[in-house]
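Worksheet for the structure shown next.
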Amino acid sequence: MSNESNDLEKNISHLDPTGVDNAYIPPEQPETKHSRFNIDRGTLRNHFIAAVGEFCGTFMFLWCAYVICNVANHDVALTTEPEGSHPGQLIMIALGFGFSVMFSIWCFWWGFEPSRFSLFVFGQSHLTSQMCSDVVSSDHCWDGCWWCR
């Protein structure tokens with residue numbers, strides 16, 4: 001009988017005199033929507049930087065493509081207005097969009113690589129060294145490149 005009473009005492013030892021279970025700790029309730037999703041200043045700052053980068057890249061792509069389309073549509077060689085699009089215009093517009101994407105990707109991948117760009121933003125690197133590091137960087141080369149031999 002004493003063995004059973006010891007087990008009973010162990011089972012109710014975590015109860016306070018009112019019978020409330022002190023071992024149960026309720027989970028923290030989120031106070032705001034931001035704490036529920038674990039969004040702090042650093043996370044918001046990173047999302048803002050990513051959004052600005054996406055905006056700049058998209059704007060550069062669309063602006064370059066817009067300029068190419070205007071140049072193609074105002075060709076002085078076409079003296080009369082054709083009823084449809086001229087094949088030369090279509091090829092120029094297609095190549096313009098392709099080169100616009102290529103230029104935007106090249107600018108934002110190599111020029112704004114996070115390690116180099118953060119050094120520039122925080123004043124540890126100058127603009128000229130930022131540009132030179134793009135040229136000299138081995139990231140641009142491949143194994144068969146004559147420069148890297």
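A Cβ is built for glycine as well, from the same backbone N, Cα and C atoms used for every other residue.
Under the heading region 'Disordered', Swiss-Prot lists 1-35.
The topological domain 'Cytoplasmic' feature in Swiss-Prot is assigned to 1-47 (among others). Taken as a whole, the topological domain 'Cytoplasmic' (1-47) shows an average pLDDT of 61 in this prediction.
Taken from Swiss-Prot, the feature topological domain 'Extracellular' covers 69-89, and the record attributes it to similarity to another entry.
Taken from Swiss-Prot, the feature topological domain 'Cytoplasmic' applies to 111-149 (among others), supported by similarity to another entry.
For the transmembrane segment (48-68), the list of distant contacts is 92-93, 95-97, 99-101, 103-104, 107-108, 112: same-chain residues at least six beyond its ends, Cβ to Cβ under 8 Å. What Swiss-Prot records for 48-68 (among others) is transmembrane segment, and it gives sequence analysis as the kind of evidence.
Taken from Swiss-Prot, the feature transmembrane segment covers 90-110 (among others), and the record attributes it to sequence analysis.
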